[in-house]
Amino acid sequence: MPSVAQKMPTVDEVKAYFPLTSPIPNPLTHPELLTPKDLHREEDLLRNPQSFRAWWSAIHATREEYVAQSKLEGPSELPEEVATLLGPLATPHGRISLQRLTYLYEAALVQFPNSFKMWKSYLTMRMSFVLGKLVVKKRAGGRKKFPEMKDGLEEEHEDLERWQGSLNGLIGWEEWKSLVATFERALMWLPKLPRLWLMYLSIFFHPQCPPVISHTHARRTFDRALRTLPPSLHSRIWVRYLLWAETRCIDTTDVVYRRYIIVDPSVTERFTGLLLAPTSGEPRPLEAAKLLLSLARKASRGEYASPEGKSPYQLLGDWIEIVEKFSDDVGLDVEETIESNKTIEEKEAKEAEESGNPVEPASMDGKLIRVAGPAVPVSVDGKALPPYDEDEDPTSSRKLNIEQVIAKDGFAVYKDQAGRLWTGLATYWIKRGEFDRAKETFEKGLATVLTIRDFTQIFDAYAEFCESLISAMMEGLEGEEDEEDAAEAEKELDVRMKEFEELMDRRPFLVNDVLIRRNPNDVQEWEKRVALWGEDDEKVVATYTQALETINTRKATANLHRLYINFAKFYEEGGTTGQAEPDLDSARKILEKGTKVNFKAVEDLAEIWCEWAELEIRHDNYDEAIRVMQRAAAIPKNTKISYHDHTLSAQTRLFKSLKLWSFYVDLEESIGTVETTKMVYDKILELRIANAQIIVNYAAFLEENKYFEESFKVYERGVELFTFPVSFEIWNIYLSKFVKRFGGSKIERARDLFEQALEKCPPKSCKPLFLMYAKLEEDYGLAKRAMSIYDRATQVVQDQDKFEMFTIYIAKATENFGLPHTRPIYERALEVLPDKQTAEMCLRFAALERKLGEIDRARAIYAHASQFCDPRVNPKFWSEWNSFEIDTGSEDTFREMLRIKRSVQAQFNTEASYLAAQTVAASTGTRKADSPEDAATDAMAMAERETGKGKGFVAAKETAIHPPPEQNGSAKAPVANADEIHISDDEDM
């Protein structure tokens, strides 16, 4: 380390060390370059000047000597501050080594001026003494061979060279200049090699590079590289060129980037970011806005794809953000905007008036010749280019008409994003201080948007603007000292607050406006509009009138007819409050107008007529109500019109509306005569539009008026008109009415009716008819005939009803003929019923036989039913058989029952059966005789537990079927089944 008292050298003293390499040192001018040990090397080089290996070995040896000496040599004798400025040349050994290596390289290049290896090594050596030590960064992964410019810029920025211990550009100016000159000489000999150009260009990124070199000279060098190298290598130069331009002033950046985006517009978005936030100089928002606008338009036409993956709308959104942030620099003021809008409107009107032939594009192949009109620019592929637009020209200083741009490129293209566009335009005017224009913009937005999302976005921004404006005015009012100004400010503040309150009150109406604009044919929204006006009768009338004029009947939503009905009720009831006089004439006119509307559904038109008739009824005009319905139900000459033919108008098909005729017949029943009512019913039947309810109502009406035979005729017509299952209800009512009236007096006629009904009745509907038929025979006919009907029923009804039908049949047979006569019925039931119901029927059959004392027959029935009953799924069956054997059987019969049980269990021992058993057990809470309660009822399980032996063996203590009861004193005796049967242990199961 130098001593503290060491004198600090001056700048001139330090500069005296230089130049070291200019002019090129040689032994004549610098005798210290050669030492006695170098004489042998020099003689060898003089003898073999054309030997590249000799020169390369000499240079390599000199460099190794320099490296080894540098490691042995201590720190520089100069002060630390001066040594930092000199970098690698701070020591005498470093300086003399640079001269020796320069002498050798220059002498070698005289012999090999076109050697890339020699030039690259020479330049690398010179750069290491001037630029310092190169910092080599570790890189994970490889680089793309041909990356996009966006990715290339990012990768190149990370890979820019970093240096340590460089020579100061001011102190070592001569060496920097000499290094540049050396590069120029190298490129003079090898101009087509990109590696030399990239090494040369890397100098300009060095932080110590003198400004004389790193600015104008650097820009010209980049330009020379582009002119010299072939186009296929330009991308390697442009990456460096653009990165270098980003570090310079905004003017240089602008010029360089404009040149490049002509060829590749993919970096335009990066360029706009640089224009808005340059490293030096003022931002250029107007130029950035025009570039982004141009990109957004090209992207919407499909001519540009954002490298950031942005959509055309996102690009337009970025443009709006620039407009909001730099409103004064980008857009026109209010007066200029109004004047520009007027000019554009006049131009568009003039173009609309002028009509002529379209201009043909200029010919690219000579086939077309333009004889008149302005030339149309075309691209290389022959497609017409878009006309010149000053709004997209970044070189133009004319500001943008923001309103026109947003209208043309925003509202016309992105109708679903109107909310953001309107709020952006309003924010632009707010930033310029044009609050009235901003308010107009918000109002226009609220009056034009078509979605609730856009409306909410605009309304929230509008309300926030009003609140902030009121807050600012209140703060300004607090510091106001002049009374006149304060009074004016208070007056303006009151106006603003009143406007804000009105805005809040208008919100429901504005929301309703949005929904109606989205779908003017939405009837429900018009009804909500009416409800919003409340008791304002004038507005209600105006709304109803506007709705009826606006709605397209063929596109309207449901319940369009309710508008006419509610409008008529409005006049009928004297307004919304009912305080005005009822205006029936106006109500009739509205309904009359409604009857002429071609509704989509005939039922809507029918309801209009019905409401008109009800209006007359409410005001006691009964004759007028009848006349209204007669008008509505007028039958045309051609009655073969299809009710479902939608090509015809609703008025043409109205006469076949059941709703209309139903109301008409109800009206005649209420205020008309029997004859007129019958006429209306007969017309309904003639038109063949009646349903089952009409038939029933007509018959009931005739029955009430004592026309019983005619009532039955109506039923007859009904069952002829309809088929099952509709006619089932008519038959049901008809037969019950007939039996009730005539009883057994017309038994043959009743039988014919029942047979007629059952002839076409499907199996699932015939059960009630059979029961009614059998009941008729039981009450008024023969029991034998009733039994035959039940027998027929068990054969005809659907499978789900057969068990119940057999049960009824058996009960009736028992009641009429006794238990023995039910055996054939049981036997046939066992043949017909499904397995599950067969088991239940067998239990009943066995109980019957047991009652009759036929124990063997009962046991045979149990044996027959056992094949359908899994012991794990149907424990009830086996429990009853077990009780039966205990009560009536013997040891052999009980053993046979157990054998059958195990055989059946083995038969059902499948996975599906096991799962079914577990499901049933879980649902019923039962288990397989594992609990003590089950053991008390299961004799076999009890015997197994007592003996402790395996399954298949039971204990044999006594052979008595009924063992004696236990003694009262045996408290510790196990609880046994009183009906237990004991079987010998030695018995083979």
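Cβ from N, Cα, C; glycine included.
All annotation found in TrEMBL is predicted automatically rather than curated by experts.
These figures come from a predicted structure and were not determined experimentally.
Positions annotated as domain 'Pre-mRNA-splicing factor Syf1-like N-terminal HAT-repeats' by TrEMBL: 174-265. Per-residue pLDDT, averaged over the domain 'Pre-mRNA-splicing factor Syf1-like N-terminal HAT-repeats' (174-265), rounds to 92.
Look at TrEMBL and you will find 342-353 (among others) tagged as compositional bias 'Basic and acidic residues'. Within the same chain, residues 401, 404 sit at least 6 positions outside the compositional bias 'Basic and acidic residues' (342-353) and bring their C-beta atoms closer than 8 Å to a C-beta of that stretch.
Here TrEMBL flags 342-364 (among others) as region 'Disordered'.
According to TrEMBL, the domain 'Pre-mRNA-splicing factor SYF1 central HAT repeats' annotation covers 397-551.
Look at TrEMBL and you will find 554-946 tagged as domain 'Pre-mRNA-splicing factor Syf1/CRNKL1-like C-terminal HAT-repeats'.
The feature region 'Disordered' is assigned by TrEMBL to 959-989 (among others).
The annotation compositional bias 'Basic and acidic residues' is assigned in TrEMBL to 979-989 (among others).
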DSSP-derived helix, strand and coil totals, residue by residue, for the compositional bias 'Basic and acidic residues' (342-353): 12 helix, 0 strand, 0 coil
Secondary structure composition of the domain 'Pre-mRNA-splicing factor Syf1-like N-terminal HAT-repeats' (174-265) [DSSP: H/G/I, E/B, coil]: 77 helix, 0 strand, 15 coil
